[in-house]
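Heads up: the structure comes next, in structure tokens.
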DNA sequence: TAATGTGAAGGGGTTCACAGCC
DNA sequence: GGCTGTGAACCCCTTCACATTA
């Protein structure tokens, strides 16, 4: 068992991990025709992967508005990064731009989707149908599609059998069976903290290799399981830190305050 | 207006930002007695701040179980990081350990709380009382206390006046007035994407300087406003990327698959 | 001419390894 | 002897700046 790496806790902010490339054993190609682009995927930095997802969303919005071409300048502005970073990120997945012109929107969308593995459906199981679990289940076919919620679990016998967002809730004892049957590839943990590790163990037992953890707990998982964490308390505390820093600066420089916080 | 930096979006994962230290104008101490530790706070790396919040949670749990002292080895294991990183993180806030012994739990808790600004209450406003907003409002005095939810907002006239988690919902037009009255320091955006920027602008107008954004939108804010993002779609797509990478490795090395994913 | 793609420089953060102190 | 605190090496990522190409 190894503790999850990083924190990406990042609900947003957080500071991410960077799964050591060294962990990945050298591949010994045996099957013919592994596309070269896939080979390259291995080299995309974790930080860039997260941004590719953002670019993809921006590109989809642009496409809906009829855009055919974008320059790195336009796209980067819309995504909130600088253009050099955008170009570097795109260069990790290949050369799909035209010098002097820009990128074709549809081409970029296709390539990013391919690299992110979005050409395939990823069934999601949500465990813990409290307030948050309810909200997650009702996203109904998670953000951006491609992530159908196909199983719900809870310990509460009163909840078992009740449909939430169109799907019946199962008991957590059935995690292994149901997850295997429905080929769940991503488990979402939205339980109270004390239950999180147990639930996690069952998901792993069921063959789930990716976990999105909303419980404020550091999960212990085998090396082959990928965990990402969304930690509300951490997010708020990081913001709190910034408020405090500003207050200190104000105390030191004599700035004005509004809402207990420093202005300018 | 500047686009938010980084993405910490990371719901967890994601890869965070790192608000350039260069942005912070050099402080010119004018008020006497600014504690030295506060001076140092400015130097704590963003990544370390997020981890300090995690250490704090682990320490609190240890304290409840009666622990008086911890070594860096114990604490780091519980927090899922290596011990050198933990010690380095703690060194940013001062030297509160005893060589040959370890750290006093209560001392560490106090110091981390102080650095994170948790000795002060931070009122939270939640905007957008849909599924997610509901869940957030019902956390009732947010995770870990110190973050009382003191205002709720929505556009829907049918929701205005209705109490959620014990607090009446206001119309978003009242954001400036109510946020000022209640000294809101953190705004949480849980609206649909199209409304997010408008809501953000009003929060900024109301003097809110920290925003936690759950809407899948890149917010444009003035430089003095701190934004952290929790982006579910990005988190799922990053996990999807890892599933895809594994599948590629398997195709290349001839591994077995379970639930459409590669084992070992 | 205009904008991509990228080597190289620069900066942050992580890890190592050991000096310092109890 | 044991564990903290930290300089220094290392590594990843970001940023710069320009050669390259349509």
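Note: Cβ is positioned from N, Cα and C throughout, glycine not excepted.
Unlike curated entries, TrEMBL annotations are predicted automatically.
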Which range of B:14-53, B:54-93 is DNA-binding region in TrEMBL? It is B:54-93
Annotated region 'Disordered' segment (source TrEMBL; candidates B:1-27, B:109-135): B:1-27
For the binding-site residues B:128, B:130, the largest set of other C-beta atoms within 10 Å encircles the C-beta of B:128
Any idea what DSSP makes of residue B:128 (NAD(+) binding site), helix, strand or coil? coil
List those binding-site residues among B:128, B:129, B:131 whose Cβ lies under 8 Å from any Cβ of chain A, in sequence order, or write 'none' if there are none. B:131
